[in-house]
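A.B. asks: Take a look at this one; I'll ask things after.
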Amino acid sequence: MEQRDSSALEIMRRELGAHPKLRQLQREAILLLEETVGESAGFEVRQLLTAACGIPGAMLGPCGEREIPEEEAARFFSWVERRLGGEPLQYILGEWEFYGLPLRVGPGVLIPRPDTETAVEVALEFLQGRDRPVVADLCSGSGAIALALWSQCPGAEVYGVELSPEALPYLRENVSALCQGDRMPVQLIAGDVLRGVELPPLDLLISNPPYLTPQEMEELSPEVEREPSMALLGGADGLLFYREITRRYRDSIKPGGALVFEVGYRQADQVMGILQAAGFCQVGCRKDLGGIRRCVFGFVPGGEGIGR
């Protein structure tokens, strides 16, 4: 954190006193964070206040005159200081929602992003109406994709494959917290997808693999720089994992089964070409909410694909 940010935060703390009112605290924190995070400052301050003070977001306005206890204020200021230092909001909170599921996250695991829900939607379209499908999520990270599919497909048998010793504890914790009831939880496999992982015959293979190039890694925002490079760098051209996953696991997918990838900006055509060269049929792509072609999919000949 720059010295001026630290000084500004300390001045704000002194001016607000030991028991600041919620509205004052919110207003001043937004002004302070705007220089660092820009337009998202209001959203981020609301998230931090909700977590630090235990006040639902919808009640921040009506509770504006409430005095914040010293312990809660100290926690909030500590979190603002960390955010000014470039630590991602999600790591500070320790939890982030993906597809309606609260996922534990922190240093060492990729933060789930709304863009990835595009791949989940494509996968769910394919799985709709299929009896007891078998699914594997490669490079599972926090388990966002695997758990979203598990939660939406009651009959599915789901596997999450992850190599990182830093990410695996989050994956285990999320599976333990979210896979409740009598059905089989998401099955964890600690393994390197680039060296080959033994999988059962699959109806669906899905992955949000590392896909940044070395040049793109040098241009990351300070927040993304805090995320694990292991989950971001996709080889010299960003396509290493797409080539290797397609090559190594095509034969693990049943006839009529699907391969679904999240892809990076401007990678869709190249990844579609990789699938077509490997013999996948009905290869296509899907745009995310921002209009970027974010998901590429294809099918092993012998089935009816999406919209069955």
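Numbering starts at 1 and runs along the chain as it is shown here.
Glycine is no exception: its Cβ is also placed from the backbone N, Cα and C atoms.
For reference, TrEMBL lists these features for the protein:
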DOMAIN    24-94  domain 'Release factor glutamine methyltransferase N-terminal'
DOMAIN    121-216  domain 'Methyltransferase small'
BINDING   Glu162, Asn208  S-adenosyl-L-methionine binding site
BINDING   Asn208, Pro209, Pro210, Tyr211  substrate binding site
A.B. asks: Residues with Cβ closer than 8 Å to the Cβ of Glu162 (S-adenosyl-L-methionine binding site), same chain and 6+ apart in sequence?
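C.D. replies: Listed in sequence order: Cys139, Ser140, Gly141, Leu168, Leu171, Leu188, Ile189, Ala190, Gly191.
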A.B. asks: Once the chains shown are all counted, how many other Cβ atoms turn up within 10 Å of the Cβ of Asn208 (S-adenosyl-L-methionine binding site)?
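C.D. replies: Taking all protein chains shown, Asn208 (S-adenosyl-L-methionine binding site) has 27 Cβ neighbours within 10 Å.
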A.B. asks: With DSSP as the reference, give the number of residues of the domain 'Release factor glutamine methyltransferase N-terminal' (24-94) in helix, strand and coil.
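C.D. replies: Secondary-structure breakdown of the domain 'Release factor glutamine methyltransferase N-terminal' (24-94): 53 helix, 1 strand, 17 coil.
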A.B. asks: Counting across all protein chains shown, how many other Cβ atoms sit within 10 Å of the Cβ of Tyr211 (substrate binding site)?
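C.D. replies: So the Cβ neighbour count for Tyr211 (substrate binding site) comes to 25.
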A.B. asks: How many neighbouring Cβ atoms, not counting its own, are there within 10 Å of the Cβ of Pro209 (substrate binding site)?
C.D. replies: 22
A.B. asks: Summarise the domain 'Methyltransferase small' (121-216) as counts of helix, strand and coil residues per DSSP.
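C.D. replies: Per DSSP, the residues of the domain 'Methyltransferase small' (121-216) fall into 30 helix, 22 strand, 44 coil.
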A.B. asks: Using the centroid of the Cβ atoms of Asn208, Pro209, Pro210, Tyr211 as reference, list every other same-chain residue with Cβ within 8 Å of it (recorded substrate site), in sequence order.
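C.D. replies: Going along the sequence, the neighbours come out as Cys139, Ser207, Ala231, Leu232, Gly234, Phe241, Tyr242, Phe261, Glu262, Gly264.
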A.B. asks: Which residues, sitting 6 or more apart from Pro210 (substrate binding site) on the same chain, put a CB under 8 Å from its CB?
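C.D. replies: When sequence neighbours closer than 6 are ignored, Pro210 (substrate binding site) has Cys139, Met230, Ala231, Leu232, Leu233, Gly234, Leu240, Phe241 within Cβ distance under 8 Å.
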